[in-house]
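Encoded as structure tokens, the structure appears first; notes follow it.
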Amino acid sequence: MSSRRDVLAVVLVAALLPPALSRGLWLGHHGLGHGHGRWRAPHVGGHGQGQGPQQHAPLGGGGWSSAHATFYGGGDASGTMGGACGYGNLYSQGYGTNTAALSTALFNNGLSCGACFEVRCDAGGGGSHSCLPGSVVVTATNFCPPNNALPSDDGGWCNPPRAHFDMSQPVFQRIALFKAGIVPVSYRRVACQKKGGIRFTINGHSYFNLVLVTNVGGAGDVHAVAVKSERSAAWQALSRNWGQNWQSAALLDGQALSFRVTTGDGRSVVSNNAVPRGWSFGQTFSGAQFN
């Protein structure tokens, strides 16, 4: 089993005035070896619990595809906190340890953040001595960067065009033996089942509203967000800053806000007045949810 090298990444969200220049930047680095060096922000600890795959319905026809899986983050999954989707503390956000970093082929430049996948070890594909029965459902919360210094079949597991899941260690060990390190898997998209409504965390400052969208059910992968303030009758589209952080340069301070969230399957849900008057930056609010 190859040695691990965890390399911290830096998230820089810079707000520049005038508002038209406001934008966010993120930088990522990765190490060598398999299943390691994921994009990661500084993290905090905690504990959470995932959901079983039997509660999830297939999406897009439910067909299975082939990939490989490794693991990272340690036995308590503390090393999976942060990540390129911007979710931060995966425990407090409700994602728990049922998470994975996706290779370029699956990550879709961040638009796959929040998508749910059912994954099972493929004993017939060469993992007969390492596989455990059953399957798990993981949420995409991070990016597994390519490592062009290593061959795709010997350490560069996330190199394009490979489909690869770098899973948290606890969830990997539910489908395969720890000593295996890497196993062939089958996977398919499934519907995400979440408790409560979609959550909107508003960061930034006046004229730079950075809205983190989490706990999204259904397809899970947010592709568009729009906001409507109490002083406007029109919806204003937000632009994706990074991960699932969406930004607006409008002056929204103190107003009641409604949000419209659209996922990759084209479905939308509206959370009317999810944010009440008098809100403050840094607060999180709950809205409607996909059925």
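Just so you know, glycine gets a Cβ as well, placed from its N, Cα and C.
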From Cys113, Cys116, Cys131, partner that Swiss-Prot gives for the disulfide involving Cys121: Cys131
Recorded disulfide partner - Cys113, candidates Cys85, Cys116, source Swiss-Prot: Cys85
Among Cys116, Cys144, cysteine joined to Cys192 by disulfide in Swiss-Prot: Cys116
Cys131 (disulfide bond) CB neighbourhood, other CB atoms within 10 A: 21
DSSP state at Cys85 (disulfide bond), helix/strand/coil: coil
Composition by DSSP (helix, strand, coil) of residues within the domain 'Expansin-like CBD' (207-287): 0 helix, 44 strand, 37 coil
